[in-house]
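One structure is given here, and the rest of the page talks about it.
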Amino acid sequence: MGAVISLPVSMAGSFVASCFGGCCSNLVTKTASSLGSSSLGTRLLYAVWLLLNSLISWVSYSANKSILWPGKTCTGTGECGFFTVHRLNFALGCLHLILALVLTGVKSTNDVRAALQNSWWSLKFILYLCLIVLSFVIPNDFYIFFSKWVSVPSGAIFILVGLILLVDFAHEWAETCISHVESEDEDSSFWQRFLVLGTTSMYTASIIMTVVMYVMFCHQQCNMNQTAVTVNLILTVITLVLSVNPKIQEANPKSGLAQSSMVSVYCTYLTMSAMSSEPDDKMCNPLVRSSGTRKFSIILGSLFTFIAIAYTTTRAAANSAFQGTNTNGAIYLGNDIEYEGLGGQTRNQLRYEAIKQAVEEGSLPESALYDTAWLGTSSPTGAMDNQNDDERTGTKYNYTLFHVIFFLATQWIAILLTINVTQDDVGDFIPVGRTYFYSWVKIVSAWICYALYGWTVVAPAIMPDRFDYENYY
């Protein structure tokens with residue numbers, strides 16, 4: 001039973017070493033050049049970079065090794081791993097801050113600085129290596145100060161970003177399904193079944209996880225677990241009732257069970273993950289005592305954690321919830337007479353911005369951004385002729401915001417890895433996040449997520465003048 005439960009809570013196996021070596025050798029060469037031609041490829045490369053940096057940090061901390069100058073960078077008691085983790089993530093974080101500053105204000109790929117975002121991978125990797133060397137020159141005392149006053153607040157902000165993404169995605173998913181159902185085309189019945197099945201499945205999964213938590217983690221002496229599971233169950237019921245309340249739906253017709261089901265299943269999973277992340281000093285975590293799955297679950301869970309952080313980081317900057325775009329007003333592409341006197345690139349860029357605004361409002365599908373039929377003329381320089389480039393006339397996301405969020409992610413990883421782990425949990429690999437601190441982070445994060453979703457549901461009823469649901473979401 002422990003093995004079955006540990007799989008969704010933890011994630012990846014003994015293939016980490018071989019996969020890690022292969023990724024390192026190709027990251028800055030062929031893969032970078034082939035993927036870097038599209039905005040998605042670029043974001044994936046940065047995510048892989050973050051993942052590899054996290055894995056190196058984890059292995060260094062587990063082995064308690066320093067990459068450079070161990071005689072100077074380790075403490076008198078032989079502690080090396082803590083400072084190695086902070087140095088590696090400090091170096092990568094500084095790289096992203098430098099890129100954020102350099103790329104400030106870039107809104108078009110015609111800007112020469114845009115090339116730094118989507119190419120020049122060798123140069124960025126060399127700069128990263130230089131920053132690593134520099135980070136090992138800085139004394140250990142600096143990282144103690146930095147971790148307390150920069151890494152911890154940055155990690156908290158990153159967690160909040162992830163929660164906002166989840167709530168936004170819940171609304172986006174439900175809205176997509178409902179729009180297809182209301183279109184009454186040949187696929188509307190499929191989308192209706194998909195919406196009903198998805199909602200039912202997520203509520204069922206929430207109930208199953210709640211029962212499992214009460215059975216496995218809520219013994220008589222486990223007051224923390226009992227409280228966390230009970231509060232989560234109460235909040236699930238509250239969000240369910242709110243989402244179908246007649247007054248709420250009158251103010252927000254798009255509110256429903258679909259959004260609340262996704263929030264409920266995610267928050268219930270977070271709570272269950274918190275149970276499995278706590279130490280077993282009070283005999284409340286049977287997964288730790290399952291020796292047959294212990295090392296596998298540690299490796300699997302650590303890799304899954306890093307992948308989840310990389311995904312959150314990559315998705316955040318391209319998400320409309322963080323763009324601050326005003327989505328009010330009609331969309332009009334204009335004609336060639338209105339664009340007369342403008343160059344081909346300028347004309348195409350104006351049209352692209354109009355289509356991009358329509359996509360953000362939901363008036364057009366995202367595929368419209370990849371349709372080149374709206375291009376009036378090709379670039380005289382041929383710079384926009386690359387069919388794999390989805391940023392031919394404008395950036396798809398805020399480059400500066402993208403790198404700021406990556407900086408926040410590096411600091412959260414540093415804190416996540418270096419929070420104290422009890423000695424009985426230490427083996428060949430240190431478990432990532434097996435502390436009461438991380439358990440409470442997950443539990444409180446679930447509560448905040450419920451609060452964020454509850455506000456998005458209640459706010460239109462409280463302040464109807466500030467919400468226009470024809471253009472909301």
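The backbone N, Cα and C atoms fix where each Cβ goes, glycine too.
Taken from Swiss-Prot, the feature topological domain 'Cytoplasmic' applies to 1-6 (among others), supported by sequence analysis.
Swiss-Prot lists 7-29 (among others) with the feature transmembrane segment, giving sequence analysis as the kind of evidence.
Here Swiss-Prot flags 30-38 (among others) as topological domain 'Vacuolar', drawing on sequence analysis.
Feature annotation from Swiss-Prot assigns transmembrane segment to 39-61 (among others).
The feature topological domain 'Cytoplasmic' is assigned by Swiss-Prot to 62-81 (among others).
Per Swiss-Prot, the feature transmembrane segment maps to 82-104 (among others). Panel annotation: around the transmembrane segment (82-104), residues 49-50, 53, 56-58, 60-61, 65-67, 73-75, 113-114, 116-117, 124, 127-128, 131-132, 134-136, 138, 140, 143, 146-147, 151, 399-404, 406-407, 410-411, 413-414, 417-418 of the same chain, lying at least six beyond its termini, place a Cβ under 8 Å from a Cβ of the stretch.
Here Swiss-Prot flags 105-118 (among others) as topological domain 'Vacuolar'. When DSSP labels each residue, the topological domain 'Vacuolar' (105-118) comes out as 5 helix, 0 strand, 9 coil, counted as helix, strand and coil in that order.
According to Swiss-Prot, the transmembrane segment annotation covers 119-138 (among others), on the basis of sequence analysis.
Look at Swiss-Prot and you will find 139-144 (among others) tagged as topological domain 'Cytoplasmic', backed by sequence analysis. Outside the topological domain 'Cytoplasmic' (139-144) by six or more residues, the chain places 73, 75, 83, 86-87, 90 with a CB less than 8 A from a CB of the stretch.
Under the heading transmembrane segment, Swiss-Prot lists 145-167 (among others).
Among the features that Swiss-Prot reports, topological domain 'Vacuolar' is placed at 168-194 (among others), with the record citing sequence analysis.
As annotated by Swiss-Prot, transmembrane segment applies to 195-217 (among others).
Note on the topological domain 'Cytoplasmic' (218-228): residues 271, 274-275, 278, 282-284, 439, 443 of its chain, located 6 or more positions outside it, place their CB under 8 angstroms from a CB of the stretch. Under the heading topological domain 'Cytoplasmic', Swiss-Prot lists 218-228 (among others).
Here Swiss-Prot flags 229-246 (among others) as transmembrane segment. Long-range neighbours of the transmembrane segment (229-246) within the same chain, counting only residues 6 or more positions beyond its ends whose Cβ lies under 8 Å from a Cβ of the stretch, are 206, 210, 213-214, 217-218, 255-257, 259-260, 263-264, 267-268, 271, 275, 446-447, 450, 453-454, 457-458.
Counting residues per DSSP class in helix, strand and coil order gives 31 helix, 0 strand, 18 coil for the topological domain 'Vacuolar' (247-295). The topological domain 'Vacuolar' annotation in Swiss-Prot covers 247-295 (among others).
Here Swiss-Prot flags 296-318 (among others) as transmembrane segment.
Relative to the transmembrane segment (399-421), the listed stretch 145-167 leads the set 145-167, 195-217, 436-458 in CB pairs under 8 A. Here the topological domain 'Cytoplasmic' (459-473) has a mean pLDDT of 68 out of 100.
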